[in-house]
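Colleague: Below: one structure in structure tokens.
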Amino acid sequence: RRILNLCFTLLLVFISLSWGQESSSEDERPSCHHCDLHLLCNCSYGGFTCVPMVTESALTLDLSFNNITVVRDDDLTDHTLLRVLNLQGNRLAVIHPSAFDPLWSLEALDLSENQLTALNNKWFTKLGALQKLNLLNNPYSCLGSPPVFQGLIRLRKLALGGPALTELKKGDLSGVTQLEELTVHANNLTRYESGTLAAIWPLGHVSLSLHEPFLTNIALASTVLRDVSYPETPITLEDLHLAGNLFIQPIEEMAKRRVRHMTFRNLSLSDGSIVNLLVALNGSPLASLSVYGATLMGHGRWEKANWTDHKNIDEFFVKNAVVLDVFQFVSFLQLKFLLHYPRKVSLINSKVFVMPCDTSRLLVNLQYLDMSDNLLTDMTVEETLCNGDGSLKDLRVLNISGNALKSLSTMSRLVQRLYKLTHLDISRTDYSSMPQQCSWPSTLRHLNISGAKLITITPCLPTTVQVLDLSYNDLKAFTLALPDLLELYLSGNKFLRLPPGWLFPNLQTLTIQSNTLNMFGRSDLQSFGRLQNLQSGQNKFVCSCDFVAFFQSGLKEGGDVHLTDGEESYVCDSPLYLQGQQVGQVHLSIAECHRVLFVSVSCVIALFVGTVVCVLLWRLHAFWYLKMMCAWLKAKRGSRRRHQLRDDVSSEALLSYDAFVSYSERDASWVENFLVPDEDSINPSYSYRPLNLCLHKRDFLPGQWIVDNIMSAMERSRRTVFILSENFVQSDWCRYELDFSHFWLFDGQSGKDAAILILLEPLSKDDVPKRFCKLRKLMSSTTYLEWPQEEERRGEFWRSLRSALRVEDD
């Protein structure tokens, strides 16, 4: 059978390697991107049929519960940093001999619950750092040869075996020198060589599953137990059905080896089995006996073992026990020989509804009592604690959490006379209110009332308590002073802010996760005085500027208070655009955090920029252009009716003046004495027709807007005469008139012939403001008239002027 399994495995290896070489170039491997900040890549339950590609920097790779059947030689090539690899629960049947060679940093490897029919020592030759290896529940019948664990010198936790394991022989565990944990599932073991497991020393904890050997091969079971039994090595036996007295020999073997810690898992036994077990352990140094998952088929008739000696027993631990015929089960009063000794008793989740007071009084040395997750009520607890008469005088720790308790005042009364009680756990009960006054033993230091339904805090709480757990209630405030409190747990409530720190001057640890906290600041934490550890993540934080700045500078970067729940637990809930972001990674702008400063600086900058822009606009005469444009548009709208008249009347008929004269007031004497003497005749000595000139002093209509007067005068004049002089350039009024005339003359309709320039004194184009670019250009390209100072040349000047005005002689 072994040869056939080996041949079948080699065939699968050959087929998989051939298939891998042919298809590796054709098929692209899938990718897995479920990696967190700690480089843990969780690719479990992903439906992968081959090893997916993940980041090369991954430290933990979880590929459990997929459909991977083969691990090729190049699937894990780039993962030299990998520390943990989990391939549990796949259909893995073939692993290339060098598939794990690149994983020289690997510390934990889980290959359990696959289809590996044989183990290959080459898988582990390069895994020198491996500390934990799980090979459970694969269909291999033996460990194989050469020894598969030969090079694993650092291996500390090993789990092997399964339903198919039938043989263990010497040398199988060669190379394994010491282990913290050894788990062997060998329910169907048929062959075992003495000493196979004995070479492992020291051995921390052993867990054995030997169902069939305990039933059919007692000698084999005894040999196995003999090899792993040491006084300080706890032994766990799983999946046992103890019937009759056949199992006594293996138990006696452990007793002879002076085993002090024994545990049973998934155990079924009868009254006779318990008696035989007690007889087998008679006089042994057994200190603790634990049972997880027990089915009792008897009635509790164990008095036949009352002669046995178990004075070394210190702890009884029973969890998930079921009594099939509970109503026929007798009292434990006959177990006085057994109950006198233990200091720790645990009866957890075993449907216990009462422990009679008489039984409680048998526990004379009891210091620790755990009856959590049972069916106790206020009334039955009174019976168990003997109505608070102090019978359990040495009790230090009492745990009755997970029971249907409703009266906190009753509980305080029952424990009041337990003068050594330091720890009380009454969590996960039905307490909905807290009385105003309670009586507690002065020794009480640890109190757990988490998972109840409390909505307020009252002075009922003991002032001597040092560790108080009120998590997962409906509390909104905490206003009770507890000067001795060192640790306070308030997670899962409805706190909007941290409780006042002055109430707890000695508090060192505060846990207030999963509440409705919005924020907290430096002053909140400083009020606690001695606070060192804070867990306040998973709240609805408002990421304001103050809170973010404090978190990133005062907490994240170090300080007196340390966040022990990790930075990733602090996530923004508002504002909306920051929702979901970690507080430690939020970056808020100056505009959000310093509004007054930002507005002030912005105003100063805006004022400066505005000033600079205004100066530039002034230097570039932008205001002048804007002013003239507005004036021009306004005047154009006012002259539309005059243009409509022009459509019906000829242009000559509308021209009332030969010229519109623009001049400075300082040059008015020249205009009046020379240009328009004697009612616009140019010179009395000449026989020319007088000029009809438009002068603003004389012809502008009073009360009308000056721009409209200028527009009207220019529209009704054939030409515009500019009397240019230094006075003209310097005069504000003339400049304004010239500015507006500039728009009218050079808008593309009148052209350069509409303007006549007369220079009363030498004036270059450079003396004309630069903003009159077309006028300056006109002075450069057009001949202008100069007023002669000599009398004899003035006649020629007047002729040239009339010629320019194109005025005909009479």
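FYI, residue positions are counted from 1 along the chain as it appears here.
Cβ from N, Cα, C; glycine included.
OK, TrEMBL features for this one:
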type     : residues      : note
DISULFID : Cys35-Cys41   : disulfide bond
DISULFID : Cys357-Cys386 : disulfide bond
DISULFID : Cys438-Cys460 : disulfide bond
DOMAIN   : 655-805       : domain 'TIR'
SIGNAL   : 1-20          : signal peptide
TRANSMEM : 596-618       : transmembrane segment
Colleague: Highest CB neighbour count within 10 A among the disulfide-bonded residues Cys35, Cys41, Cys357, Cys386?
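Modeller: It comes out as Cys41.
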Colleague: Can you give me the Cα-Cα distance between Cys41 (disulfide bond) and Cys460 (disulfide bond) in Å, rounded to a whole number?
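Modeller: About 48 Å separate the Cα atoms of these two residues.
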Colleague: So among Cys35, Cys438, Cys460, all listed as disulfide-bonded residues, which is physically nearest to Cys386 (disulfide bond)? Use the C-alpha atoms.
Modeller: Cys438
Colleague: Compare the C-alpha of Cys35 (disulfide bond) with the C-alpha of each of the disulfide-bonded residues Cys357, Cys438, Cys460, and give the closest one.
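Modeller: Comparing Cα positions, the closest of these disulfide-bonded residues turns out to be Cys460.
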Colleague: Where does the mean pLDDT land for the domain 'TIR' (655-805)?
Modeller: 73
Colleague: Return the count of C-beta atoms lying within 10 angstroms of the C-beta of Cys438 (disulfide bond), excluding that atom itself.
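Modeller: A count of 18.
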Colleague: At the level of the C-alpha atoms, what whole-angstrom distance separates Cys438 (disulfide bond) and Cys357 (disulfide bond)?
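Modeller: Counting only the Cα atoms, the answer is 24 Å.
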Colleague: To see if you understand the setup: which same-chain residues, six or more apart in sequence, place their Cβ under 8 Å from that of Cys460 (disulfide bond)?
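Modeller: Long-range Cβ contacts: Leu408, Ser409, Ser412, Met434, Pro435, Gln436, Gln437, Cys438.
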